[in-house]
Amino acid sequence: MTHQTHAYHMVNPSPWPLTGALSALLMTSGLIMWFHFNSTALLMLGLTTNMLTMYQWWRDIVRESTFQGHHTPTVQKGLRYGMILFIISEVLFFTGFFWAFYHSSLAPTPELGGCWPPTGIHPLNPLEVPLLNTSVLLASGVSITWAHHSLMEGNRNHMLQALFITIALGVYFTLLQASEYYEAPFTISDGVYGSTFFVATGFHGLHVIIGSTFLIVCFFRQLKFHFTSNHHFGFEAAAWYWHFVDVVWLFLYVSIYWWGS
């Protein structure tokens with residue numbers, strides 16, 4: 001690291017934002033190809049490119065923060081603001097889905113039969129798998145808080161145990177959601193109910209997968225002693241994101257599964 005007279009991180013040119021954008025284009029185009037032409041080739045290419053980008057970008061950030069010491073308190077403050085703004089943007093993103101749902105359900109049109117759920121739709125029982133999913137995510141919220149407090153107290157083993165439990169619960173939630181989709185008596189093409197249900201819960205499921213990936217990276221970093229009790233923003237950001245995913249699910253459960261059924 002060359003001598004510098006300021007606390008800011010002057011980032012080196014990186015190809016990963018470009019490859020990340022290209023992978024996003026390939027994945028969204030691949031999703032359309034899969035839906036309309038039953039071909040997964042483009043989607044698989046997009047997912048592969050995305051995984052490679054994630055690995056290499058995370059590797060660079062770990063190198064800059066842990067080994068080169070670029071993440072000074074000033075830089076960490078900027079990263080905190082960035083993560084907060086990112087979560088706010090995600091809140092607005094999900095607000096759009098809730099808006100679509102309530103716009104359709106509070107005043108059902110004659111085309112829907114003037115009722116909600118629309119005529120012919122058999123909604124899922126909110127007291128079965130959705131309630132179990134709620135319990136799983138609430139438990140994961142407790143375990144991630146346990147992990148955070150263990151890290152701040154310097155208790156490495158408890159932190160690893162709690163983080164592993166959180167990851168396991170996240171994976172379990174994803175499997176439950178997949179089984180629910182498989183057994184659902186309606187599809188994404190079943191009018192406004194199907195589209196709002198699958199888009200809202202599907203994007204939440206995607207965020208659970210992203211959050212689980214974030215936590216898995218933190219787990220391996222903790223195994224390599226990357227975090228200390230006062231320098232662990234990578235884990236803190238993952239914990240914030242996980243709590244956000246928890247809260248969104250509670251709104252989804254109350255709105256779409258319970259009230260909407």
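Placement of Cβ uses the backbone N, Cα and C atoms for every residue, glycine included.
According to Swiss-Prot, the protein has these features:
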{"type": "TOPO_DOM", "residues": "1-15", "note": "topological domain 'Mitochondrial matrix'"}
{"type": "TOPO_DOM", "residues": "35-40", "note": "topological domain 'Mitochondrial intermembrane'"}
{"type": "TOPO_DOM", "residues": "67-72", "note": "topological domain 'Mitochondrial matrix'"}
{"type": "TOPO_DOM", "residues": "106-128", "note": "topological domain 'Mitochondrial intermembrane'"}
{"type": "TOPO_DOM", "residues": "184-190", "note": "topological domain 'Mitochondrial intermembrane'"}
{"type": "TOPO_DOM", "residues": "224-232", "note": "topological domain 'Mitochondrial matrix'"}
{"type": "TOPO_DOM", "residues": "257-261", "note": "topological domain 'Mitochondrial intermembrane'"}
{"type": "TRANSMEM", "residues": "16-34", "note": "transmembrane segment"}
{"type": "TRANSMEM", "residues": "41-66", "note": "transmembrane segment"}
{"type": "TRANSMEM", "residues": "73-105", "note": "transmembrane segment"}
{"type": "TRANSMEM", "residues": "129-152", "note": "transmembrane segment"}
{"type": "TRANSMEM", "residues": "156-183", "note": "transmembrane segment"}
{"type": "TRANSMEM", "residues": "191-223", "note": "transmembrane segment"}
{"type": "TRANSMEM", "residues": "233-256", "note": "transmembrane segment"}
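Proximity of distant same-chain residues to the topological domain 'Mitochondrial matrix' (224-232), defined by a Cβ-Cβ separation under 8 Å and at least 6 residues beyond the stretch ends, is recorded for 62, 66, 71, 151-154, 218. The transmembrane segment (129-152) shares more Cβ pairs under 8 Å with 233-256 than with any other stretch in the list 16-34, 73-105, 191-223, 233-256. Using a cut-off of 8 Å between Cβ atoms, the transmembrane segment (156-183) and the transmembrane segment (191-223) share at least three residue pairs, counting only pairs 6 or more apart in sequence. Only residues 6 or more beyond the boundaries of the topological domain 'Mitochondrial matrix' (1-15), in the same chain, are considered here, and those with a CB under 8 A from a CB of the stretch are 57, 60, 64, 68-75.
With helix defined as DSSP H, G or I and strand as E or B, the topological domain 'Mitochondrial intermembrane' (106-128) counts 4 helix, 0 strand, 19 coil. Per-residue pLDDT, averaged across the topological domain 'Mitochondrial matrix' (1-15), gives 78. Residues 1, 7-9, 79, 231, 233 of the same chain, all 6+ positions outside the topological domain 'Mitochondrial matrix' (67-72), place their C-beta atoms under 8 angstroms from a C-beta of that stretch. Beyond the ends of the topological domain 'Mitochondrial intermembrane' (35-40), by six or more residues, the same chain brings no residue to a C-beta distance below 8 angstroms of the stretch.
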